[in-house]
Amino acid sequence: MRLAVNIDHVATLRNARGEFHPDPVEAALIAEQAGAAGIVCHLREDRRHIKDDDLRRLRAAVTTKLDLEMAMTEELQAIALATKPELITLVPEKREELTTEGGFDIVRHFDTLKAYLQPFRSAGIEVSLFIEPDKQAIELAAQAGADIVELHTGLYALKAGEAQEEELTRIGNAAAFARNIGLKVVAGHGLNYSNIAPFRNIVEIEEVSIGHAIITRAIFSGLEGAVREMVALIR
């Protein structure tokens with residue numbers, strides 16, 4: 001299983017002072033050096049953490065894989081096509097939320113989704129949809145032309161005991177179903193050093209996307225050490 005590191009919260013910390021440090025690009029390079037297989041950033045409509053210039057510099061610097069998380073808007077479509085990350089991930093977005101709170105509503109957007117994704121496919125940019133671990137959502141993602149589904153693990157992260165085991169089973173079943181219909185499978189949201197280990201047993205999940213847990217651990221142990229620790233946990 002591979003690790004993709006989300007560096008949004010490095011930008012959040014920088015923006016708290018309105019200055020230049022810590023630099024999310026430097027964080028991305030350290031994460032790659034420590035074993036990350038990809039870098040994730042979310043260019044939100046309100047630009048609350050990652051800025052347009054960050055995205056340009058990340059594109060120039062990242063040598064593994066750049067995954068641009070984005071809302072389904074014409075503005076961000078144009079930016080993504082101009083930037084050419086290896087991968088874009090469509091996520092839901094609400095201005096009032098602190099972080100992404102759930103999966104992309106594929107049922108609501110399905111009628112326009114295929115046309116929206118076509119330019120990315122033509123440009124050779126892989127497309128991922130951040131969705132709930134739900135069979136209908138996975139089927140619609142495949143029909144819309146997605147290459148990858150990122151299964152939302154937020155509920156798993158919030159639960160404990162038997163309820164968490166049930167959610168893990170739901171995620172595992174969803175991953176198997178997605179793989180069987182030809183989709184690549186990744187997972188993310190709320191994963192941390194305490195709850196990640198069971199995902200090593202879900203062989204269909206190729207990659208996990210983790211940000212907040214790594215950045216908070218890095219405050220105490222350093223970023224390179226925090227990334228190396230997570231890489232070791234998922235191998």
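Even glycines carry a Cβ here, placed using N, Cα and C.
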Inset, instruction - Check Swiss-Prot: it lists Asn6, Arg17, Gly211, His212 as binding 3-amino-2-oxopropyl phosphate. Then name which of Gly35, Gly172, Gly182, Gly190 it lists for that same site. - result: Gly190
Legend entry - Cβ-Cβ neighbours of Asp8 (1-deoxy-D-xylulose 5-phosphate binding site) (radius 10 Å): 23
Legend entry - Glu150 (site 'Transition state stabilizer') and Gly190 (3-amino-2-oxopropyl phosphate binding site), distance between Cα atoms, whole Å: 13
Legend entry - Neighbouring recorded positions, C-alpha within 10 angstroms of Asn6 (3-amino-2-oxopropyl phosphate binding site) - of His42, Arg44, His49, Glu150: His42
